[in-house]
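**Student:** Questions regarding the structure given below will be posed in turn.
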């Protein structure tokens, strides 16, 4: 049965919450369960989801971003335990989900919330104040999804090591206490692909073993319907089975949930990343990254009406060759007996006739980490951009020096280096927040994130190009008004430096944090939307943030390379092909004429050419 085959899954499970672990999403900014708390650590690791990450990670919530449908969004992250290096078996699963603000019930509406407390059934409809409809408590998965999970029998064919786990799907090796993390289903979180219905839609699977790609793609709910046991009303207190036969015997109805019908996800080979480092890929020294082509209104109807609330999730799954999780050597609950190192804490093993102790916890043979974005919107394209190819350019990072910001990162543009074709478009947009720790290093009002963009000659320059140096041939932004908007972020009510000094009694420290000091962007909002700009000239353009680029301390620069539609070698190849075509056509014409005019001068000329004589 196809249902049973879907239970043969990878082990991507379990880690204690005390482990520093981890995957952190940097673009778009990953929350790691933060909201707008100002402490160094997040307030609540159970606010929306079970990340299993360090409490210090994550970016606080700024104003929500919105991107155009079918535009390209750079998804960047760092993962601590490596991938693609042969030292772990790993995959990274990128997923999203959206709800329609105009149609979703309170129990389904995706939102960030304004507090850090975990939602409960009594909190779903609460707003922050009587004056606003903004929800007080954050929520990603719906209450209905959570109810289905807590009322569903867990898959008892799974390896659980030496743990005694309850009967329901809200308990796994990795989370065995029944705590709720928002309305996330812990079993669905820990396993992929999952056998029960899920609201998450697959974007991509990035794996060290591409032999599994066909299976991943075919089992995705993007293309594969899922089933669950809809219980009779008299059976609500009994966990509903995941087996159709037992479901029927319980008086339930084996119920189909259609696929998302959006096409199978992409499955690609993981790039090499170092174990024990939140570092970069080997090939180009940048963070691991996936260019996500955002869904269109045919996939998410709320895009057409401008009423989408969406969230992005990236999960990082690692396991070991010591414990197989798929294929003929699939390890299931039968390995939970007393024998074997995979079921013993810190086992002693014999090496050269003597015991040595391994530093092993069997619960850590398979581990899942996770991060999620704050809520964002996907919007319809205007008529002028219907056929345009649009690349999104963001800012990642948070206030602080390299030590203070870690495991988040210092400010940087994303992508740092962008290659596009002439006449393609860039959507410049980024956000930050005002709730970083007050003592973190940075310019301007304490705790605040701000970034601007000014053109520089090369990446080795730290002074912006002057108006005299910019012209129609070399300017990233052709007109002065656009350059000013990207440099000053549209600030109003600004004071000159002399006015600021007078206002603050010549106290330079007070001038730096004065709200009317627009030179350090103090009067700008947390979000900047520079709009969509057409790149109509080829060339290379370099830029920096004047507020955050602090030479020898931190670097916030970027490069845009606008390439011709065809590379030089392609143009040469086409030219050569055209020349060859002309020569062949001319030769064929001469041969044809000579064949039908045997007494002509053309016939005599062609007959003297080796290889052509026999043709006439």
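For all residues, glycine too, the Cβ spot is worked out from N, Cα and C.
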**Student:** Scan 564-584, 585-605 against Swiss-Prot and say which stretch is down as transmembrane segment.
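**Tutor:** Feature transmembrane segment in Swiss-Prot: residues 564-584.
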**Student:** Report, as numbers and ranges, which residues of the same chain sit near the compositional bias 'Polar residues' (29-55): CB under 8 Å and 6 or more residues beyond its ends.
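**Tutor:** Cβ under 8 Å, 6 or more out: 15, 17, 19-23, 61-62, 77, 112-118, 138-140, 174-175, 179-182, 184, 186, 189, 313-314, 367-374, 396, 407, 431, 433, 435-438, 447.
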**Student:** Mean pLDDT, the topological domain 'Cytoplasmic' (585-616)?
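**Tutor:** That region's mean pLDDT is 69.
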**Student:** DSSP on residue 355 (N-linked glycosylation site), three-state: which is it?
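**Tutor:** SS state of residue 355 (N-linked glycosylation site) = strand.
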**Student:** Please list, for the region 'Disordered' (27-55), how many residues fall into helix, strand and coil according to DSSP.
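**Tutor:** Summed by class, the stretch gives 0 helix, 2 strand, 27 coil.
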**Student:** Between residue 317 (N-linked glycosylation site) and residue 291 (N-linked glycosylation site), what is the CA-CA distance rounded to a whole number of Å?
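**Tutor:** So the Cα of residue 291 (N-linked glycosylation site) lies 20 Å away from that of residue 317 (N-linked glycosylation site).
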**Student:** Among the glycosylation sites listed here (148, 291, 355), which has the Cα closest to the Cα of residue 550 (N-linked glycosylation site)?
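**Tutor:** Closest candidate to residue 550 (N-linked glycosylation site), judged by Cα separation, is 291.
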**Student:** Could you say which of the glycosylation sites 148, 291 has its Cβ with the most other Cβ atoms inside 10 Å?
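**Tutor:** Of the glycosylation sites 148, 291, the most buried by Cβ count within 10 Å is 148.
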**Student:** Which one of the glycosylation sites (317, 355) has its C-beta surrounded by the most other C-beta atoms within 10 angstroms?
**Tutor:** 317
**Student:** If you measure residue 291 (N-linked glycosylation site) to residue 148 (N-linked glycosylation site) at Cα, how many Å is it?
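**Tutor:** Cα-Cα distance, residue 291 (N-linked glycosylation site) to residue 148 (N-linked glycosylation site): 33 Å.
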